[in-house]
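Scroll down for the structure; my scribbles are underneath it.
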Amino acid sequence: MPTAIFLMGPTASGKTDLAIELCQALPCDIISVDSALIYRGMDIGTAKPSAAELALAPHRLIDILDPAVSYSAADFCKDALREMKEIAERGRIPLLVGGTMLYFKALLEGLSPLPSADPVIRAGIEEEAARLGWQALHDELVRIDPVAGARIHPNDPQRLSRALEVYRISGKTLTELTQVQGEGLPYRVLQFAIAPSDRAVLHQRIELRFDKMLQGGFEQEVRALYQRGDLTPDLPSIRCVGYRQMWDYLAGEVEYDEMRYRGIVATRQLAKRQMTWLRGWSDVTWLESGESGNLARVVARAGVA
């Protein structure tokens, strides 16, 4: 069974630097596991690897979609499995790097057999929402699937629409279908998580990075997206941390200082969610951010596999 390496961690933990070092030490090819890096024209706010970093270690599954397009965990699994197969067939090691834990989980455990999106049914749901309001549709979801209804907020039209769509297509609730597991990953997976052990250090790194983004032209980047006219705040791309807060600022809803504050807080909340996922993860080797021995530890594990 071929080997694959997962390098997971919260935002601003040093994943990219370590991944590039690994590519110099091992026959690895990087696959990005990040629901924001997939989008073109979203470079600064996603801390996308620089041209120099990409020259050292090309990343697959970045810059693959326009921000107007949605992308699901199922889409990611299909794309990642294709890339992993191609890398392994060349005798190299797929190195999957990122912080979108849902993608890692879906890849590792296999996806539930959810039906594909149906544009006609989805349009019908949108029409009902326009006529009755999303709260009425949320009430319907609570009746048919109380578990999903408790988890999905009435103000989350994307997930609410998907839950209703799944039921109308299949006759089964989202909760029923997600309890059915798909096929696992046909690789020997070495799993690593990198993060600072001191939460205050991570918070400081997040604040420094957000300010660096602001100084590096983040406002201009989001303004270009804002001025396109075809993007809305409920799209997954614009809901990305930092982008939503800057969007609100450009829309005149918040002042600049408030935007900065909210962006930093939202990024810290994202990091907290990522750490919560990782603490519940089984069979993971923890690495301390910035520690000099990290590369040697990963290389040693890979050599044993």
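FYI, residue positions are counted from 1 along the chain as it appears here.
Keep in mind that glycine also has a Cβ here, set from the backbone N, Cα and C atoms.
Database features (Swiss-Prot):
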{"type": "BINDING", "residues": "GLY9, PRO10, THR11, ALA12, SER13, GLY14, LYS15, THR16", "note": "ATP binding site"}
{"type": "BINDING", "residues": "THR11, ALA12, SER13, GLY14, LYS15, THR16", "note": "substrate binding site"}
{"type": "REGION", "residues": "34-37", "note": "region 'Interaction with substrate tRNA'"}
{"type": "REGION", "residues": "158-162", "note": "region 'Interaction with substrate tRNA'"}
{"type": "REGION", "residues": "239-244", "note": "region 'Interaction with substrate tRNA'"}
{"type": "SITE", "residues": "THR100", "note": "site 'Interaction with substrate tRNA'"}
{"type": "SITE", "residues": "ARG122", "note": "site 'Interaction with substrate tRNA'"}
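According to DSSP, LYS15 (ATP binding site) sits within a helical segment.
In terms of Cα distance, the recorded positions that sit within 10 Å of THR100 (site 'Interaction with substrate tRNA') are GLY9, PRO10, chosen from GLY9, PRO10, ALA12, GLY14, THR16, ARG122. Of the recorded residues, SER13 (ATP binding site) and ARG122 (site 'Interaction with substrate tRNA') place their C-alpha atoms 38 Å from one another.
Helix, strand and coil residue tallies for the region 'Interaction with substrate tRNA' (34-37), in that order: 0 helix, 0 strand, 4 coil [DSSP].
For the recorded positions THR11, SER13, THR16, THR100, the ranking by surrounding Cβ atoms (within 10 Å, all protein chains) places SER13 first. For ARG122 (site 'Interaction with substrate tRNA') paired with LYS15 (ATP binding site), the C-alpha to C-alpha distance reads 37 Å. Excluding THR11, ALA12, SER13, GLY14, LYS15, THR16, which define the substrate site, the same chain contributes GLY9, PRO10, ASP17, ALA47, GLY99, ILE194, ARG205, SER289 within 8 Å (Cβ to the Cβ centroid), listed in sequence order. Counting residues 6+ beyond its ends, the region 'Interaction with substrate tRNA' (158-162) has Cβ neighbours under 8 Å at 70, 117, 122, 125-126, 129, 134, 137-138, 141, 152, 174, 234, 236 in the same chain. When secondary structure is read from DSSP and collapsed to three states, THR100 (site 'Interaction with substrate tRNA') falls in the coil class. For PRO10 (ATP binding site), the same-chain residues that are 6 or more apart in sequence and have a Cβ closer than 8 Å to its Cβ are GLY99, ALA195, LEU202, LEU270, ALA271, LYS272, GLN274, MET275, LEU278.
A coil conformation is recorded for GLY9 (ATP binding site) in the three-state DSSP classification, outside any helix or strand. As a summary of secondary structure, the region 'Interaction with substrate tRNA' (239-244) carries 2 helix, 0 strand, 4 coil according to DSSP. Within the same chain, residues at least 6 positions away in sequence whose Cβ sits under 8 Å from that of GLY9 (ATP binding site) are LYS15, GLY99, ALA193, ILE194, ALA195, GLN274, LEU278, SER289. The most crowded of the recorded positions listed here (LYS15, ARG122) is LYS15, judged by how many other CB atoms sit within 10 Å of its own CB. Cβ proximity to the ATP site centre (mean Cβ of GLY9, PRO10, THR11, ALA12, SER13, GLY14, LYS15, THR16, cutoff 8 Å) flags the following additional same-chain residues: GLY99, ILE194, ALA195, SER289.
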